[in-house]
Amino acid sequence: MASLLGTSSSAAAAILASTPLSSRSCKPAVFSLFPSSGQSQGRKFYGGIRVPVKKGRSQFHVAISNVATEINLLKNRVRNLLEESQRPVYPFAAIVGQDEMKLCLLLNVIDPKIGGVMIMGDRGTGKSTTVRSLVDLLPEIKVISGDPFNSDPDDQEVMSAEVRDKLRSGQQLPISRTKINMVDLPLGATEDRVCGTIDIEKALTEGVKAFEPGLLAKANRGILYVDEVNLLDDHLVDVLLDSAASGWNTVEREGISISHPARFILIGSGNPEEGELRPQLLDRFGMHAQVGTVRDAELRVKIVEERARFDKNPKEFRESYKAEQEKLQNQIDSARNALSAVTIDHDLRVKISKVCAELNVDGLRGDIVTNRAARALAALKGRDKVTPEDIATVIPNCLRHRLRKDPLESIDSGVLVVEKFYEVFA
């Protein structure tokens, strides 16, 4: 029954065990037809359908118990219990300061093609809290019901092979709406858990490609968050970045190959004291946000007080920010819908590329990401055209981690980007 309700939690199992299908609190709906009264005999079938029939002239009696009604009521009770038992999430709108990090996250939600964000900063500065608070703001998307890869019914680029084959054969697939997933990748995850596994025995004996999807499949069209990404094994980081860049994950085992869409926003966070990522890996992240410790005493007091309020009564605290959260969510939805109409002038594109060239940025990722981030910011502000101010806001986050490190240079790389921007755009 737990699988029927779509949950395997112990709380759900406890409810089901304590609530029989014919309990008083959950009475079945009974529909009866009584052309005439009289004694009846009949049989009761599986599923709650009872058809008593009486012999005699013009006498007929049917009674149907709607078990689906009981199951729906139980599902609602389970859903409510699970929502109450989940760990409360700190509201995104309640995060004090850290504007650079919050802006990078919002721009990636608006345009996932920016390529994710790497957040580096001191310990205890709210990196993980801010990323996880983003889950409340994520918009809904259309998916194929029951598909483990969250296939997009309108875009074959993010469809699984099975879904594409069904569409080509003319099958009508059920479509539903669901919130964008946020998947946490633990540091101890194995490559099979991340990429998925192939059942070799079943493939050899039955000739069927039995694939068990991993975290990359679950994160398709969603967000994959890696806390302490600088401590993750290098080969796993390579797998994540390759999948994020190509949008596909390929699993090869014993001559059997399976590919599935894996287009996700990769968000990583870490403490620079624990080690830096390799430059070629840093370059794969679209944006880079630096988080520092708040030095203003008044702000520190406000952060402590807000956190104390949240710890005391999370539900009441979240309710106090409900209006701001909804406003921000509507702003994100509007920006996502308007993004395709936002334009950027050719001369601004030329100046962006000139900044990248004069800073000796390797490759063209810096140019591409800066253009996309500037368009996303313009959409967030409700405009259909990019301005130099938009570029000035995002270009340090798009280029600072792509500059070559000079051990003798004492100036922060973000400052170098800003100086070069004003030199070129002046």
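Heads up, the Cβ atoms here are built off N, Cα and C, so glycines get one too.
Per Swiss-Prot, the features are:
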{"type": "TRANSIT", "residues": "1-50", "note": "transit peptide"}
{"type": "DISULFID", "residues": "Cys104-Cys195", "note": "disulfide bond"}
{"type": "BINDING", "residues": "Gly121, Asp122, Arg123, Gly124, Thr125, Gly126, Lys127, Ser128", "note": "ATP binding site"}
{"type": "DISULFID", "residues": "Cys356-Cys398", "note": "disulfide bond"}
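Structure with Swiss-Prot features highlighted.
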{"residue": "Cys104", "record": "disulfide bond", "DSSP (3 states)": "helix"}
{"residue": "Asp122", "record": "ATP binding site", "DSSP (3 states)": "coil"}
{"residue": "Lys127", "record": "ATP binding site", "DSSP (3 states)": "helix"}
{"residue": "Cys195", "record": "disulfide bond", "DSSP (3 states)": "helix"}
{"residue": "Cys356", "record": "disulfide bond", "DSSP (3 states)": "helix"}
{"residue": "Cys398", "record": "disulfide bond", "DSSP (3 states)": "helix"}
For Cys398 (disulfide bond), which residues of its chain lie six or more apart in sequence with Cβ-Cβ distance below 8 Å? Gly286, Met287, His288, Gly366, Val369, Thr370, Ala373
Between the Cα atoms of Gly121 (ATP binding site) and Cys104 (disulfide bond), what distance do you get, rounded to the nearest Å? 14
Tell me the Cα distance separating Cys104 (disulfide bond) from Arg123 (ATP binding site), rounded to the nearest angstrom. 19
Could you name the residues, excluding Gly121, Asp122, Arg123, Gly124, Thr125, Gly126, Lys127, Ser128, of the same chain that surround the ATP site, i.e. Cβ within 8 Å of the Cβ centre of those residues, in sequence order? Ser269, Asn271, Val291, Thr293
Rounded to the nearest angstrom, how far is the Cα of Lys127 (ATP binding site) from the Cα of Cys356 (disulfide bond)? 28
Report, as a single number, how many Cβ atoms besides its own are within 10 Å of the Cβ of Lys127 (ATP binding site). 24
Integer Å distance between the CA atoms belonging to Cys195 (disulfide bond) and Gly124 (ATP binding site): 31
Return the count of C-beta atoms lying within 10 angstroms of the C-beta of Gly121 (ATP binding site), excluding that atom itself. 20
